Amino acid sequence: MADVTVKQLAQVVGIPVERLLNQLQEAGLSFTDDQQTVNEEQKRILLNHLKGSSNRDISAAPERITLRRKSMSQVTVGHDMHSGKTVNIEVRKKKTFIKRSAIPEQAEIEEPVVPPVVEEPVHEEITVVSEVSAETPELKETEEHPVIEPVAELDETVKEEEKISLEENTAESQDELTHANTDVIENLVDVVEEAIPASKKEEVKPEKVSKKKHLEQTDSDISEFKKGKKKPKYHTFEHDEEEQELHRRGGRSKFKKKKGTEKSDKYREAEETLTHGFALPTAPIVREVLIPETITVAELAKRMSVKAAEVIKVMMSLGAMATINQVIDQETSVIVVEEMGHKPVIIKEDAVETGLGEAISKGTKTEGRAPVVTIMGHVDHGKTSLLDYIRRTKVAAGEAGGITQHIGAYHVSTPKGNITFLDTPGHAAFTAMRARGAQATDIVILIVAADDGVKPQTIEAIQHAKAAKVPIIVAINKMDKPDADPERVMNELSVQEVIPEAWGGDTMFVNISAKSGMGIDDLLDAILLQSEVLELKAVTDGAAKGVVIESRLDKGRGPVATVLVQSGTLHKGDILLAGFQYGRVRALVSDNGDLVDSAGPSIPVEVLGLSAIPHAGDEAVVVPDEKKAREVALFRQGRFRDVKLARRQKTSIEGIMENMTATESKVLNIVLKADVQGSLEAISDALTKLSTDEVKVEVISSGVGGITESDVHLAIASNAILIGFNVRADGTAKRLAEQESVSIHYYSVIYDIVDQIKGALTGMLAPQFKEEIVGIAEVRDVFKSPKIGAIAGCMVIEGVVKRNNPIRVLRSNVVIYEGTLESLRRFKDDVLEVRQGFECGIGVKNYNDVKPGDLIEVFETVEIKRDL
């Protein structure tokens, strides 16, 4: 082995560097740094020193617990009871337990050669001196090998005597004594068997061995151990031969049979694997912990092989409160596992989803498809009006307030080709709907009014388009107005990194007028040109796959979902799976209201027959059978519920403090019903954003469809406001609302809902009060009155002094008293107020320490109107 540094040698040996340096210095070698080199000669000197010190330590180490014992026994050796010879055995035992900071590796000890025992008369005795070694994490016993020697003849009637001297009586030492006593018996029997010749040992009957019974019962701990009161520790790992030699010599079991007890060889072999020691791991064990999407604290602790209390401690140190049966999410589990030093392995329980992908039939026939174009822009910039002109319809006239509040999907056939348009809302509350529109589209048309320029929703639409990596075509609308300024629009868009082609960019700009039709043909040409560049293709003969654009609950037809088919062909009668919902397609309705039998790629249709309303933005796919659809839907529902529960239970220390302060805040409960899912999400999000630290909006229930009796009951129980957006209450709900005096608010424009709720929250705000100084009087002289006390003769130097107003007395600009103005007189007449420049007498209630030169400040408290 080549020369190594002290640090490398310590790593090879497996001990700390400081300890190795100490050992080198004790061996007479001058080593002070862990980077010094150790050669072969120095290693040999260190090894000889350690061997010598090991032998010295056995005899010179300080004793902690000393055990001495002497016992007498007899063993009959021979063919039978009458012809055999009796050998007297005297056992002397001594054990010393030594405290060690680190247990060195035990040197292998050669087995001593035992001289044969010569058969003697009946009264001959054998003395066995045995020292037993048992190893524990903190205690080590010295070991002396058994020696057999003849001793003088003793009386057979001498009883067994034990002398136990304990220097320290601890529970730890008692356990060691129990194991040591058992090993003494084992060693005794082993020595006797080795001393008996082989020919004689085979002839010994099993019954004669039972005469060692009183030897086995020399200690109460041994008897309790054998009776099962003290259970042995089971070691589940495989032992090497050295460890087995240490714990059981001669291949015999530690546990001896009692008289009359029969055990099979198989059971005896099983007992041989039992050990009494526990070895601490030398290095921390790093485990790979499999983490699903949700897991309980107890299960996570089990996978790390630690107690659940340890996991809870770590979570509390990270600022999260948890219980042993609480479900935590995957993100929290990963942080906890990494904090405890293990390696997290994230697993996705999507075997059902994977099976779904394999079960779906995939087509091979690809054809060109129509582009899906989303019209986006700021509110009132003419998005729907442009679509009206292209479709030659009046969509905008049917929208409440002329504002689009749903995603409209339309398939338009033009002389230049087929195009599918998605019309998104422009209001700030419909951010999620615009994001869904951008994800399902191929091209985005950005409408900007020439007379209004770039607005917040315009910038947001640009961000959505860039996030979805969709090309943008800018349509500058309202060019027929006299104040139209397209150059201004181009300059403002260039700030948002939308550069026109005329300026060297890659974005097409088209000037249009949705009212007169100017530039519409140029816009359609630009759309078709961009679609040719994209080379849009789709599979037409496989299972249909698409996205849910919008969903609503129709009173006569049930759940209705607007689905944009992206690939394959959707047929009437197919089993459609959309998010958590599934069902057989009962009918397909086109955007014109016509019933159709199938829909290909880029075609929007309304689907009837789903089990419930799917969420807007969910993926819709045709599955082979209803059984598979039900399995996947139930799996998704369960996973969503688990994740939602885990997030709800994720309470941090900061969250507890927030909840403590939130109990003082006022809450406005709302029961919300809307006509479509997209509007419901937009309104809920807009109302929730109105919350402040003092007042909060909580949508306790929301749904798609009309207002029912259960909604009214919920509003009564929770003292909530009942809001219907483009829906109405049925007859039963109306009657119940009238009886219970519950007002139902109907709206058709989202602005009105936001304004109304904002006003209600403003009224719930706690009032604020402000002190306004109305007058200041200077004390010129002080008079005594028998009824009132001290009267201050004052001159009003500022404002008005009013009677019964609160006052402050200032001396050298320091407030020395605050009270109420009790008496106000002018020329012996009581007056209500005294204006600036007039003299008056002021009596201060319960205060007589007024002095000339003081200032009396008169103020009043004014309530300030608050706003959100």
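Backbone N, Cα and C define each Cβ position, glycine as well.
The region 'Disordered' annotation in Swiss-Prot covers 199-269.
What Swiss-Prot lists as compositional bias 'Basic and acidic residues' is 199-209.
Residues or ranges marked as compositional bias 'Basic residues' in Swiss-Prot: 249-260.
Positions annotated as domain 'tr-type G' by Swiss-Prot: 368-537.
Secondary structure of the region 'G1' (377-384) per DSSP (helix as H, G, I; strand as E, B; remaining residues coil): 2 helix, 1 strand, 5 coil. What Swiss-Prot records for 377-384 is region 'G1'.
All protein chains considered, the CB of G377 (GTP binding site) has 28 other CB atoms within 10 Å. Taken from Swiss-Prot, the feature GTP binding site covers 377-384, 423-427, 477-480.
As a whole-number mean, the pLDDT of the region 'G2' (402-406) in this prediction is 47. Summarising the annotation, Swiss-Prot assigns region 'G2' to 402-406.
The annotation region 'G3' is assigned in Swiss-Prot to 423-426 on the grounds of similarity to another entry.
Annotated region 'G4' per Swiss-Prot: 477-480, in sequence order.
Around the Cβ of D380 (GTP binding site), a 10 Å sphere holds 16 further Cβ atoms from the protein chains shown.
Residues 381-382, 385-386, 447-452, 486, 511-516, 518-519 of the same chain, all 6+ positions outside the region 'G4' (477-480), place their C-beta atoms under 8 angstroms from a C-beta of that stretch. Here the region 'G4' (477-480) has, by DSSP, the following mix of helix, strand and coil residues: 0 helix, 1 strand, 3 coil. For M479 (GTP binding site), the same-chain residues lying six or more positions away in sequence with a CB closer than 8 A to its CB are A450, P486, N511, I512, S513, M518, G519. With a 10 A radius on its CB, K383 (GTP binding site) counts 29 other CB atoms from all the protein chains.
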